[in-house]
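Record features, source TrEMBL:
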BINDING   B:Cys64, B:Cys67, B:His68  heme c 1 binding site
BINDING   B:Cys158, B:Cys161, B:His162  heme c 2 binding site
DOMAIN    B:51-130  domain 'Cytochrome c'
DOMAIN    B:145-223  domain 'Cytochrome c'
TRANSMEM  B:243-262  transmembrane segment
Amino acid sequence: MAHDDSSGKDLAATSSGLDGASTGTAVATTDAGHAEADGGLAVIATDTFANPGLPATRHRATDLDPKKARTAQRAVYTLFYISIAGSIFALAAYMAFPITDDLASVRLNSVFLGLGITLALMGIGLGAVHWAKSLMSDEEGEDIRHPVRGTEATRTAAVQIFDEANKESGFGRRTLIRNSLIGALVAFPLPAVILFRGLAPEYNNPAALLETTMWKTGTRLTLDPSGLPVKAADVTIGSAFHIIPEGLNDTPDRLEQKAKAAVLLMRVNVADLKISPGRETWNYDGIVAYSKICTHVGCPVALFEQQTHHLLCPCHQSTFDVNNECEVIFGPAKRALPQLPITVDSEGYLIAQSDFTEPVGPSFWERS
Amino acid sequence: MARKPAKANRRHPLATVVLIAIGLAFTGGGYALFTSTATAQTDTASSTSQSSVDEGKKLFAANCATCHGMSLEGSTAGPALLGVGAASVDFQVGTGRMPLAMQGPQAMEKPPQFTEEQTQALADYVASLSPGPAIPTDDQLTANGNATNGGELFRINCAMCHNVAGAGGALTEGKFAPSLTGVDSKYIYEAMLTGPQNMPVFNDHNITPEDKRDIITYLKYIQNNDSTGGYDLGNLGPVAEGLFIWIFGIGAVVALTVWLTAKSN
């Protein structure tokens, strides 16, 4: 039973007896000691409320029965031995199941290595807890809290130490040294600020980068991932083609470009399309191309139902109506998917008439 | 009905109920009798194409024409079948999706109602009226292609609906993309080629026959090889996996905490 050193002496009598009256006196004595130091301003109340005390200690089976204690001891050291066995097993598993080219070996390696390490750690953990719960002493003790405020003498001594240090170091007197040190500390985090800024698109306005994509007038629509151009004649009704702009695979920032320029190409019955003024020439005989980036938070929208003409986003179930210019008919998205104006070139391949006429993907602050 | 006491004697109050019951029994029984006789029609495999077409015509008239029309023209109850090809018929009838058991969000897979020969006869008949995609040959279906390429194509074209591991997924208004585990290679190929129900069409210009074979190779590979990451919990995605860890992971933490804080006996 551990007591902290300052109040332990005062409470030596109470820790075993635990009767209300004697504890009350002990606390009052401690308070009185501090009240003296504070100049007698504290009010000493000896009978604010009675100390309810602690319930009588209930002894465990292992405290009363030496046989049970021996069983518990056996359980604890068995758990520690299991831990040793687990560690050795993990070492053996690491050697016996190396990761090879065969993917199945990864599974064996993880399963057996994991099993060994689990046994090693769980053995130690469960053994330690079982030891503490069943065999270590569990009798309740009582510690009285220190007052937070130190004595006047301690406080004065502390101030003296600071004063002395200030004099000896000249921190307050040699202002040039002090100010240059403060300046150095202020300048020190600046590289971190610049380095983190470097993670954002460099030398470019992010808003401008988000507003345009790789699509330009005459860019051919090509298949993802092969990059082969698509002929209008090959797109049969009910088809869905996953499209990337021509040349995307050769760009150094392929994934960044793809994240903006990915397009879903579908062909529906041209008579079913509802076309608003200004978009009459954007489809080619019922072949329509829409941005694949959801206007909600940018997931790829590609679950096309060819009979209902619904386009569903797998992340939050925003649903767009392909026949009605991909207007939102359900879900959290707020804007229709941007349409890519397309046509065919002289060889019959599908090409873009221009870039998207509005920024693709989710909203951002500078979006007009 | 029983407003005037004089008429009440003529008909028992329960007569209407009994009449309706008899009527229902007759129609229901008659329907069951009709469908079973249609199914039990001659299933002798016809070797020649023409007799197969004739056989298919009979089967079509008995089982399909009510909705799809006598000459495949369709009706308000079912789409026209002109140009769907043998592959489409083989998929829909061979997987039991057609004939429909009932109207619903989508046709459900069930034990096929026709034998392979009858399915072939129906496919021959539909293909004889208008050209369309043919049933794939065996060498297009062998799963010995490039699984890596197949995996990439699957993730680009299929995974958004069918799940990255082919475990299937939900669509709108009660429709769903079925699981692809254990599906016959032939039906996977035909589904890509014809776009059954709400699935888009992936014709040979979009996904070439070699690419289709690669996708089948990939699907068979992940079906026949265990997940390298350990137990895959059905590959259903974050909801199922999150629920598992909420129940069993947090459950274990709670149990350990209770044990830690409880006093031993």
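Every residue, even glycine, has its Cβ placed from backbone N, Cα and C.
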In the chain carrying B:Cys158 (heme c 2 binding site), residues 6 or more apart in sequence that have Cβ under 8 angstroms from it: B:Gly166, B:Ile215
Work out, from DSSP, the number of helix, strand and coil residues along the domain 'Cytochrome c' (B:145-223). 40 helix, 5 strand, 34 coil
Quick test of the contact rule: Cβ under 8 Å, at least six residues beyond the ends. What residues does that give for the transmembrane segment (B:243-262)? 233
Among all the protein chains here, how many other CB atoms are within 10 A of the CB of B:His162 (heme c 2 binding site)? 22
Which are the residues of the chain, B:Cys158, B:Cys161, B:His162 excluded, whose CB is within 8 A of where the CB atoms of the heme c 2 site average out, their centroid? B:Phe154, B:Asn157, B:Ala159, B:Met160, B:Asn163, B:Gly166, B:Gly169, B:Ala177, B:Leu180
On the three-state reduction of DSSP, what should I expect for B:Cys64 (heme c 1 binding site)? coil
Pick the one among the binding-site residues B:Cys64, B:Cys67, B:Cys161 whose Cβ has the fewest other Cβ atoms within 10 Å in this structure. B:Cys67
Sequence-ordered list of residues in the chain of B:His68 (heme c 1 binding site) that lie 6 or more positions away and have a Cβ within less than 8 Å of its Cβ, or none, is B:Phe60, B:Gly74, B:Ser75, B:Gly78, B:Pro79, B:Ala80, B:Leu81
B:His162 (heme c 2 binding site) sits from B:Cys64 (heme c 1 binding site) (Cα to Cα, rounded, in Å) at a distance of 29
Applying a CB distance under 8 A toward chain A to the binding-site residues B:Cys64, B:Cys67, B:His68, B:Cys158, B:His162 yields none
